Structures are given as structure tokens and as C-alpha cells.
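K.L.:
Not my notes, these are from TrEMBL:
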- 22-34: compositional bias 'Low complexity' (COMPBIAS)
- 425-460: domain 'EF-hand' (DOMAIN)
- 462-497: domain 'EF-hand' (DOMAIN)
- 505-532: domain 'EF-hand' (DOMAIN)
- 1-49: region 'Disordered' (REGION)
- 557-589: region 'Disordered' (REGION)
- 93-116: transmembrane segment (TRANSMEM)
Amino acid sequence: MEPDTATVRPRLRPSGGRQPSPARGGAPAMGRAGWSLWPRAPPPAHAQPPGMEVAMAPRVLPLPRQQSFSPPLVLNPFVHPGSLSTGDKLRTVLQGVILLPIRLVSITFLLLLAWLSASIATFCQPGRGVQPLKGWRRRMVQITLSGVTHMAYFVMGFQVKVKGKVASLSEAPIFVAAPHSSFFDGIICALTGMPSIVSRAENLSTPVFGTILRSLQPVVVSRQDHDSRKNTVAEITRRAQSRGQWPQMLIFPEGTCTNRSCLITFKQGAFIPQVPVQPVLLRYPNRLDTVTWTWQGYSFKELCLMTMCQIFTRIEVEFLPVHVPTEEEKSDPILFANRVRQTMANALNLPVTDHTFEDCRLMISAGQLTLPMEAGLVEFTKISKKLNLKWNHVREQLDTFAAIASASKGGRIGIEEFAEYLKLPISDVLKELFLLFDRNGDGTIDFREYVIGLSILCNPANTEETIQMAFQLFDLDEDGTITEGEFACIIQSALRLPDLDVSVLFKEIDADKTGKVSYEEFKNFALKHPEYASLFTTYIDLQRHQLGMFEEHNTEPQALISETPPLARNKVCPEGGEDSSTTSDKKDD
């Protein structure tokens, strides 16, 4: 694994300069990349071995972070606010007075003509949806609908420029088109002989459009079917491998519309069949963009009206050479998809990002939580695979992040909001924790950094074993509960703040307001607030470390060592010195 955060941790050093040996027991779920990066609290005076002194090593700058977790080059490919200048608005209105009525009438006529042709082609169709259209039916769809579509784009003012050669069915059963940024991208259908597409089942019931769509024999996706994705991939594979029985397929592998600033993650559906694909590029080289249809920006109706009010709209469609998968790509659809995407990105001179449709859902959720919509974009699919995260879990983390960032501007957490949320003062220890979250060192934590920080730093340390041992550590009199005094003693020592008031934090942990915290209350709080993991584990690590050095430098009989109450073995180090901890590879970022 690549190094992530490397910080010189403060150590206790013998006055003679000899380096101490590692603690025997080790801290559970800490150590290599977790909470051992925290400054160590000084040991109690009566527990410090003779000749030992605390030396705080200076903090060094972190090593470069793992590149796979670096933020995307394009922060938000799903928005296109777009605004018309006063001159553009005036020009659009004046042109629209003349062009719009003529184009609306013409489009209506062509739409009815397309519907009539589609109705005839699908009338009494045998094996509808199961068997492909053949003979005159297929030729009617290809010739009539293709010609009507060409005419419709011409009437709307589109100037279509085509580059490259369209592959035949035998050469490439599947077309993959990107970037997908508009409903006007459908011009590719007319240029490729009206291939089949992937469509929602609800679209087939739409008047007029549903009949036209049905004549294209789409692969239907149903939201009500839990196995819809699997069935869709199976149907695409069946058709692509049918040896010419079914028409070619047109797939937009991005799965959603973007602003054409990058190519987002390609879904695997077009690449699982292991057949050659032809990449198709789309460009709209216009001064005034009236075609981009994203999650935030102009609506469908607004774009249609603005586009038809322009004298002309340019569109370029380029057909790249067919990509024939290698044996390696056939066995790995993700590799196949990524290589095709990179080929298309190079031709477009665009970056690639790992955003997916799931990021759109998080973006919308962020907007509902009064955060900037960009706050929800974390390249979810990539991060979820690397960190084993579920979408619902990340959505819950977004709620917590919004609660912390509500007082700040821009949807980011500063050190003040971080301290207020943890109900702790800004101290060296808190600053160290904040720096571990702040991956780019800009002094704030965005939602992406928050998710990665919880997964790599907090959750691995917040294990059942760690919580149990932390509870035993706080429970100084071993009566099965923690009083506020016991809680304050450890927290003040761990944070090196002897005058720290922990009453507010203690009351939050004490759910039943009895003045004493049971193990269940302690556990529930720790699991719901993983940010506190280090506060509960730092002192454990400290005592283990101190015990190892104490035994190394103490020359007295073992009986004298056992007379030191704060370092009781049964509290933090099981007898025998065995390491009962568990580590998590999630921390090795």
C-alpha cells in the first residue's frame, strides 16, 4: 500500500538516550496507521519510572497521500447553471418570434409521421419484445424513422457534422457514446440506422413517444424489478451475441447526463458481452449552450424552447475505430470499460473521474440538507469499493456532516466547528485529529475527507474489543460504571488539559441521566460517534507504552512493580503480554 499519513509521534525517552522497547501488549486497532499518531499524554507522576522524561517530538509534514484517494479534477460534472446575457435573451426572443411557430408545427407533423410509421411496423408484431423485427418491418423502421429523425433535427436548426466511419453489425454489435449531456444526443440513432437502446419501462406507455420507442426494440429496465440490473445485462449480452439476429445497440455507458467537462465512470453493461464496441464521441461547439441537460440547470422545456429559438445549433459526431477486446479485457469488464473510456477521453482531450449516478443521489441529498450540492460528490463507487462502504451508511454520514458544518459557510468543517461538535476545546490533541481528517491541508474538512477519515482512522479503532478495554480503563474502581470524576480523570490526562470541564460531554454519554455511565451507554455512544475513538484509545496505548518502558528500566524485584496501582496488568495488558489486538487493513491507506 502507498503511505498515507506519516507523523512522528511523541515518545518517552530515557534520560540516557536509550530508545525504549515497544509496548508488549500493543493497542487494539491502533498502531501502524491509526491512533498511535496522537501526542501522548504524560503518565501519572507516581507511575513514571525513575530517570524517564517526556519529550515531544516535532510534528513533520505528512507524506504524500495515496493517489487513489486524491480528489477528482472536476468537482461537479452534474451541474450546468448557464445564464443568458441580456443580449442573448433579446436575440433569442426576437428569433423565436419567427422561428418557434414554424418549427413547432413542423416538429409536430414529423412526430405524427414517425408515430404512424412505428405503428405500422409494430402492428400485430409476432413475439413482441422477445423476437426481433425482421423483413419489411425492420427496413421500415431503419429507413422511415431514420429519415424522419434527420429531418426533425434539420428543422430544429441542427448542423450535424460526422467524422469517421460507422461500423457494421458484424464489426461492432454495440455503440458506446459519450459524453452524454443532452436528450439531443439521440441524433446518433439516425446516423447508425436506428439501433436498439436501453429505456425505462415507463417510457413505453407514453403517448406517441412510447410507440416510436417500442419500434426500436429497446432493452427495458423496470424499477419495480429488484433483479432489473441483472436482467438488463443478460438481455444486452443475449442480443450482442445473437450473431446478427438483433440490430446493433446504442448505449450511453455513463448512465446519466453530465456537463461534458469530463468522462465519468462507465457502467459495465456494454462491456460484459465481450464483443467489439465502437466508441462514438459527441461535441456541441456552440458559443451559446442551450443543449446541456444536467441535474442542476435548465429544465427540459426551457432547453427545447431556447434551442428552437436559435438560428442553428452545431453538433459533431465522431465514430472512432472499433475497439476489439483482448482476452484480458474479456475476463475483466471493468478494465475493458476503463480502456475504452480512456481512448475516448484522449480523443476529446478531457479528464476522467470516478463519479457515478450514486454521486448524483448524494448531491441531491446534500442540497436537501442545505449544503452546497457539490458537498455530496465523493466518487462514491470508487471509495465504497476501497473502503467497503454501503450507500445508506454514507448517506447517514452525510447527515452527521451536515449537522457539524451547519454553522460554517461553504459546506466545510473548520477546526472551530469540529471542536464544538466534539464538545471539547481546541487543543494540540484535537488539532492532530483534525489534521488527520484534513487530507489536502487547506484547514477545512469536506465531506469526502470526512468519509475517508471515519473509514480509515475512526471506525477501525472503534472495535468491540477497544470499547471494552476503554471502558475498563475509565472504570477506575471497577464497579461496572463510570462516574464523571473517573471520566474526567482519564480525558484530562489524555488531552493534557488538567482543567478541562467534561461535564457536557459526560451528560451526553449518560443517556439515562443517572450520573453514572453503564457499559451499554458507553458502547452506544462510541459506536454512534466514532470521532471519539482516539480519546478512548490514546490512554490505553499510553499505559501499554509506559508499562513496557517501566519494566525495561526498573531493576527492582517483580513484587515491587506489582505495587504500582495505575499500571495494573488486568486493566490494559493481559498477563503474559500477548497482543490481543486486531488490526484493520482499512487503515493502510
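Note: Cβ is positioned from N, Cα and C throughout, glycine not excepted.
Structural setting of the listed features?
P.N.:
Confidence annotation: the domain 'EF-hand' (505-532) carries a mean pLDDT of 85 in the model.
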K.L.:
For the transmembrane segment (93-116), find every same-chain residue at least 6 residues outside the stretch whose CB is under 8 Å from a CB in it, and list them.
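P.N.:
Sequence-remote neighbours of the transmembrane segment (93-116) are 144-145, 148-149, 151-152, 155-157, 208, 211-212, 305, 308-311.
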K.L.:
Count the residues of the domain 'EF-hand' (425-460) that DSSP assigns to helix (H, G, I), to strand (E, B) and to coil, and report the three numbers in that order.
P.N.:
24 helix, 1 strand, 11 coil
